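K.L.:
A single structure is presented below for examination.
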Amino acid sequence: MLFGVKLANEVYPPWKGSYINYEGLKKFLKEDSVKDGSNDKKARWDDSDESKFVEELDKELEKVYGFQLKKYNNLMERLSHLEKQTDTEAAIKALDADAFQRVLEELLSESTELDNFKRLNFTGFAKIVKKHDKLYPKYPSVKSLLEVRLKELPSHSEEYSPLLYRISFLYNILRSNFNTASEPLASASKFSSIVSNDIDMNFRSFKFWVHNDNLMEVKTRILRHLPVLVYANVPSENDDLVNRFESDISNNDEIVGSSSSTSSVEHGLGARSFDPLINTLYFDNEHFELYNDKLLKLNSAPTLRLRWTGQLSDKPDIFLEKKTLIEDEATGKSEFDLTKLQLKQKFINGFIFEGDKKFKEQTLKKLKESGTAGRDLERLEEDFSEIQNFIIKNELQPVFRTVYTRTAFQIPGDDKIRVTIDSNIVFIKEDSFDRERPIRDPNTWHRTDIDANVANPLKFLRGGEYAKFPYSVMEIKVKSSLDSSMSASSMISNVKLPKKHGQWLNDLTNSHLVKEIPKFSIFVQGVASLYGDDEKLDILPFWLPDLETDIRQDPKQAYEEEKKKLLKQKEIQKKIDGMRRLSNLKEPQHQAAVPVSQEENERITSQGDLEADGSSDEETEQEPHSKRSKKVRRRKPKATFLRILAGRDPKLMGVDSEEEEIELPPGVKKPLNLLKNAGPVNVEAKVWLANERTFNRWLSVTSLLSVLTFSIYNSVKKAEYPTLANYMAYVYFGLTIFCALWSYSIYMKRVDIIQQRSGQHLDAPLGPVLVSIVLFVTLVVNFVMAFRNAAKSRQELQIQNLEVPERIPEVLRPLQNYLFKLMGPSSD
């Protein structure tokens, strides 16, 4: 879509006159005349045109950012007025909750529109400047002029997180003191609600991508139901946020941005953010074993990282964390096993690289002197030893750093629902794999160049040393008791959410604002982004192709798709209820019939949801169970032994196959081309190579048999039994021809199955079994015939009273005589 059309469609009508006059600036550039190649004097661009354009551009900048500053200050004043109405208990009791909430809703909506206003106008200015430089390359670029003017406009670098925090505080007052608030507010837990510690709890985590255009709207939607979470100086064991409320962010114009939806990447300015800037330094070895284990879903695949807040020059607290995700394959539930140590900077090098126990001994000594319990000391000592041994055993070293800003939403004291949004994510290489030109000093745990106490330290990064993730990552954590019957699906649409938050969470996650990416991992994405071309990576994450497409959706289209999805879910549920009733009626009459269990019903429902919403490439543990047909199937003939050997029937006859034919309704025809075959065939290279490797092995068997055939045939005249040798040569020649034809036919059949994306089984054991049987029979026949001929020759010599030569030792002669009796004439 052209930007001019996009701007016209997204303009907020009350502020229409305050947006950039994009079309007017385009007319100043005489774009149409330049493209037509006109030689008219009016179409020529001269110094006067340049000065007029710059003057008009400056006027538009003043108009746009003057309005933005005015609106921002107006919002802050109105918020201050609301805060004055709630500064005492008496004022809160006398407050008109409905009117107060209406004003809050207006402020929240205007904040969203102002963020959109800022983003659209900045994009417009950037595009018009780029257009000028492209049309008139002989004239100086006005990009530097734009940057200078933007720095002079204070509202350009204005952060919107203070607005969100203040609005969040006012929403909390409504939640805490009024039961007459609107349903979203009233449904939320009270500010002081606390979860009982007596109940065993676990959590489910769901990951989403959020486009920067939608980031502010997503935050404001969440803010209506959950307050922004502000952390104290020291995080708790369950918090993976860090210990700072504010951080000074030194931004690079191409790398790190602010926490608003219009990042400072575009602005090129430093901004004061109310969201913490988190630095996470991940460990791995040269073979990327931790990455491969995590991506290949090996259970309990751990990750190791160093984490701190803000700039390292400010001497923040640094935590070394070993985090292991333990998943229950039966239920799909997961819980973290977290081992965390707080380290001092001066001891990190020795602890990581040298196995130094000095810091461990000092820490334990201080804690012992302060009266810490013996059990706690033992546990801490075990944690030190566990992490240090883990580093040494796996030869781990710092590999890359992730820098991002985080906004968290959670009701304090109630962690049943928690939402975090990580924005402006940047991955930075910090490995020392290259011995000659290491990125990081091998004897230092971090890059000293970007952690130096200088302005804009990220400017030291070279091309290829960093990668910026194009979207923000939203994570929703849902906590429930261990006996809860939550679905094992990795998609949030298939999970039963708490009643208090289910409706708005479903509305948000099914909207056009977010895209769900199951099992997304920042650690995995960082390795794939920075080291994707490395041959040591066994596999790449399934979501990489989605990064090449625009995840934004048209709101109307998303709404229509959601309506269709809900209708389909209702139809599926109705069919399931009918099937359940029928199974309950028929069960007394047919004891052999197996009733449909509740668990299977949930799986079928989940599969229906997945089909309606489009499946992801993420493989889940429940996938084999969810591929059950929901229609009445025709009977298929029973598999015979030969059909199974030939690969025409699956060996698992008790398992329903996707290939089974279903009865179609009247008037409905089976499509010739299935949707699953519409796109290009994306098959992993190892599948093709496995097929070719099998074919090559068959060719080697064919070659060996052909050598054996012609060796026997060429030595027939020299053989003791020429007739037998001649027969064997013909048998082996036929077996050679069979091997060649069989290997080629099976190879082509498997290629066809792969290209058609068929679920047909690839096993075909008839060939190997037949070759084995023929070889066994020929060996037995050769053995028997040879003994019979030997017995016949022996008998002829005895009849002629000639001496029979004995070629075997005296001990084995009884066995020889026995074989002669068994297979030929007696030697007596």
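Keep in mind that glycine also has a Cβ here, set from the backbone N, Cα and C atoms.
What you see is a predicted model, and the numbers here were worked out from it, not measured in a lab.
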K.L.:
Looking at Swiss-Prot, is Val751 on the same side of the membrane as Tyr721?
P.N.:
no
K.L.:
If Swiss-Prot marks one of Ser18, Ser80, Ser487, Ser657 as phosphoserine, which residue does it mark?
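P.N.:
Going through Ser18, Ser80, Ser487, Ser657 one by one, Swiss-Prot annotates Ser657 as phosphoserine.
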K.L.:
In Swiss-Prot, which of these is labelled phosphothreonine: Thr262, Thr620?
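P.N.:
In Swiss-Prot, Thr620 carries the phosphothreonine label; others show none in the record.
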K.L.:
Quick one: which of Ser38, Ser51, Ser157, Ser615 has phosphoserine in Swiss-Prot?
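P.N.:
The residue tagged phosphoserine by Swiss-Prot is Ser615.
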K.L.:
Write out how many residues of the topological domain 'Cytoplasmic' (749-766) are helix, how many strand and how many coil, based on DSSP.
P.N.:
8 helix, 0 strand, 10 coil
K.L.:
Using Cβ atoms and a strict cutoff of less than 8 Å, what residues sit near the topological domain 'Vacuolar' (717-727) while being 6 or more residues removed from its termini?
P.N.:
782, 785-786, 789
K.L.:
For the topological domain 'Vacuolar' (717-727), what's the model's average pLDDT?
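P.N.:
A mean pLDDT of 82 is what the model gives the topological domain 'Vacuolar' (717-727).
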K.L.:
In the topological domain 'Vacuolar' (717-727), how many residues does DSSP put in helix, strand and coil?
P.N.:
6 helix, 0 strand, 5 coil
